[in-house]
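Marked as signal peptide by TrEMBL: 1-22. Here TrEMBL flags 53-132 as disulfide bond.
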């Protein structure tokens, strides 16, 4: 009788596991559909470990702009380059330097960050802020919001000097990878 009760309990939990919130069970799918949530619930204090999202590397955004971020130092600082695919100026687009910080006290696997791009071909500056995520398929994604400040000739034109937008970046893979 005891083995039957245990089997029924296990079966009941397996049937209830798909109803658990996706946030609780995401990342446990390696154990099988539905059963991942079951194992997460049965292991006291079990925490899922998210894959590490790393800023360093080559990135492309939804508009086709490319960005290269160098190594992040122990203080969370990094440098790199940004090659925009879009501009409001008629000047030739040039690769521009960027400088930023990753939240160094944030030891989590999906860090927040911010960086500034000093455009080499215009009198504008853009600041980006965002977070580095790893989705359920292991794909790294940078979700960002930016402010672009353009030079204007008078305070009367200040109202039109700042633009705001969002970009999503994905890691740019080399063809042979």
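Positions of Cβ are set from backbone N, Cα and C atoms, glycine also.
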Check your understanding: Sorted by position, what residues of the same chain at least six away from residue 132 (disulfide bond) have a C-beta under 8 A from it?
Key -> 53, 54, 55, 110, 111, 112, 113, 140, 141, 142
Check your understanding: If you draw a 10 Å sphere on the Cβ of residue 53 (disulfide bond), how many other Cβ atoms land inside?
Key -> 20
